[in-house]
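Q: Sharing the features that Swiss-Prot gives for it:
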| type | residues | note |
| --- | --- | --- |
| TRANSMEM | 22-42 | transmembrane segment |
| TRANSMEM | 109-129 | transmembrane segment |
| TRANSMEM | 145-165 | transmembrane segment |
| TRANSMEM | 170-190 | transmembrane segment |
| TRANSMEM | 210-230 | transmembrane segment |
| TRANSMEM | 252-272 | transmembrane segment |
| TRANSMEM | 311-331 | transmembrane segment |
| TRANSMEM | 354-374 | transmembrane segment |
| TRANSMEM | 377-397 | transmembrane segment |
| TRANSMEM | 411-431 | transmembrane segment |
């Protein structure tokens, strides 16, 4: 496998020195994307970014005209689309109801860290976390496992999320939290197999904490709770087949606590919003009187038209076409994970579990989201990276397998790079899609 992959990778990437190579590739890629964005000639059709530095003094027509023609500073080139809301929330807190559609956890963290720096740092560490997660699953004692780990981390650098992983968006932080959560979860399974029960339980709870924070950053983080639901069902099955034991009950208790911790990432921001809007002297908003008073669900439907089949219009067909390759990869990789037999028990266990959040995200994006966002929110789900890499060989689980279809792999990489370049140009010019 090593000989075949050597033909497909540039000299810059050396699997024998993975951290150095990944770090160098990461910062070169980030510099390249940044230069593209700041080199874009104009603000595009929307000048909302220009209002941010002058908002308090922009009452007069002369000021507004000055804003319209003012050159944007380099940092503001990265403030596009949703990031305008993030920057406003950090500066003025949650002022408008519709702003609660944007991750509460992410805006709180932005209050302490520079947004662009946070995005770059989080993306960098998510690359390293993906490498370590892949090592846990595929092993590092064989050439095949080491290369899968290295190349999947490389794909994460140039993934279709592109400029959104550099801008003040929640995707990079979510990616870091979710992938690191998967790493701790897989480490928990490894410790459980080795008989290290205390360590396994501790890592499982730490993984739940990261999934909870990820859910506060992006609500789709709640899908990682499917891992805990799966584990709970396994423990219940053991009770029915093996009888009740202290070890099984303890593990089940840890799993249930972990699931509750993840749910807090969704519940706590909703409770804060409820106390703000529904427990004041002001007239109640409509969502306050719903059976489940969720501001997030309300603003998504009311302001952003997000809901089941709401995006299924003829005018949005180009966006479905744009999202199709990633939707296909997400669905196909979930099926692949369920059907592929691996020699390592940990690989089979983790991949089977990851198929659930991966596939659910694709289905929800297709039926209920603004479908094009799948190209950026998929960055925090590692299954499709592994699927692409493993298609290079006909028997990926065999360390002596020979690489095939390397040309297809090269075309896929070239397509991702071209997409990222075009997307960076459109993003820098404030042009859709977002």
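Cβ coordinates are placed from backbone N, Cα and C, and glycine is handled just like the others.
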Q: So are the transmembrane segment (311-331) and the transmembrane segment (252-272) touching or not, going by 3+ C-beta pairs under 8 A with a sequence gap of 6 or more?
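A: Taking Cβ pairs at least 6 residues apart, the transmembrane segment (252-272) and the transmembrane segment (311-331) are not in contact, as fewer than 3 fall under 8 Å.
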Q: Among 145-165, 210-230, 252-272, 411-431, which stretch has the highest count of C-beta pairs below 8 Å with the transmembrane segment (22-42)?
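A: The listed stretch sharing the most Cβ pairs with the transmembrane segment (22-42) is 411-431.
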Q: Are the transmembrane segment (411-431) and the transmembrane segment (145-165) close enough to be called in contact, which here means at least 3 C-beta pairs under 8 A that are separated by 6 or more residues?
A: yes
Q: What same-chain residues lie close to the transmembrane segment (210-230): Cβ under 8 Å, and 6 or more beyond its ends?
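A: Counting only partners 6 or more residues beyond its ends, the transmembrane segment (210-230) has Cβ contacts under 8 Å with 103-106, 109, 170-171, 173-174, 177-178, 180-182, 184-185, 255-256, 258-259, 261-266, 268-269, 296, 353-354, 356-357, 360-361, 364, 377, 380.
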